[in-house]
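Beneath this line is the structure, given in structure tokens, with notes to follow.
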Ligand code: HPA
Ligand SMILES: [Zn+2]
């Protein structure tokens with residue numbers, strides 16, 4: 001193994017941008033489709049993998065929502081989450097903040113409680129059996145309307161002990177953060193933090209809206225921030241983290257190739273940037289693979305990789321004491 005790969009493997013990390021539905025590997029999708037008698041348009045695991053060719057965010061989302069339809073029982077959501085936590089262990093992820101999309105499931109008749117209880121139970125086991133700490137972030141699908149998001153927030157009100165924040169994902173263009181200003185305001189009044197996908201395909205104006213209207217603690221993706229100098233200054237001064245997903249950006253054609261990714265530029269400017277996997281089953285790798293491909297294409301040094309790992313803990317929703325413990329662990333790898 002090359003020295004840099006070995007270093008990345010040993011580096012303690014937090015993952016802050018992972019959609020649990022996006023960790024559904026073709027093998028599990030196939031198995032669940034048989035068990036639950038849900039038809040999927042593929043005859044084999046190989047056929048599923050071959051279908052994973054995307055030319056933008058929407059072409060991915062269409063397949064991603066179709067795949068999620070095999071998830072029916074609480075056990076299915078448990079197994080999905082547990083499989084991801086085992087990958088965390090392999091990738092030396094010590095802390096993870098997991099997104100899930102309740103509306104993907106409730107809108108096809110799955111009870112809100114089944115989904116959250118299955119995911120939560122696996123996260124508790126992840127702490128007890130694997131030593132991985134975690135938080136859960138409930139995302140609203142932005143292509144659906146405000147009323148649907150309000151209904152979802154209402155359903156979450158008896159589970160507030162299991163959720164740290166609300167987020168915003170799905171088709172970005174045409175669905176600006178402003179559409180959900182009132183829902184996010186209500187979520188905050190319930191004690192929840194906020195994050196939002198912005199500036200993945202959408203313009204810098206969407207990042208401004210996420211900050212000014214949704215009062216987000218972090219921006220998910222945010223790679224288009226570089227197009228707006230005043231925005232970059234704000235993100236640096238206010239230390240607002242970006243959760244960047246390099247392999248996702250290549251697979252969804254946000255950048256043509258990894259050598260053109262702006263990750264290193266953002267890091268060099270002093271933004272709190274982090275490396276994450278987004279939808280690892282669909283985009284060709286878990287967090288270490290994202291670190292490796294970014295490091296190799298952009299010639300990131302060990303110091304820059306360690307800074308990225310420290311950023312991941314600093315940008316997380318854990319306590320300051322815990323952040324210090326994890327950052328010290330990162331320093332020890334240098
Ligand atoms: O990268 C993403 N962007 C928006 N929505 C998503 N849902 C899963 N992954 C993504
Ligand atoms: Zn995402």
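Start at 1 and count along the chain as shown; that gives each residue its number.
Each residue, glycine too, has its Cβ placed from N, Cα and C.
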TrEMBL has 17, 19, 197 binding Zn(2+). Which one of 111, 113, 125, 278 is in the same site?
278
Extra residues within 8 Å (Cβ to Cβ centroid of 17, 19, 197, 278), Zn(2+):
18, 22, 99, 169, 220, 221, 243, 245, 248, 276, 279
List every residue in the same chain as residue 19 (Zn(2+) binding site), at least 6 positions away in sequence, whose Cβ is under 8 Å from its Cβ.
99, 100, 101, 139, 169, 278, 279
May I ask which of the binding-site residues 17, 197, 278, 279 have a CB within less than 6 Å of any atom of ligand 1, listed in sequence order?
197, 278, 279
List those of the recorded positions 200, 221, 279 whose Cβ lies under 6 Å from any atom of ligand 2, in sequence order, or write none if there are none.
none
Whole-number answer please: how many Å between the C-alpha atoms of residue 200 (active site, proton donor) and residue 17 (Zn(2+) binding site)?
13
These are the binding-site residues: 278, 279. Which one scores highest on other Cβ atoms within 10 Å?
278
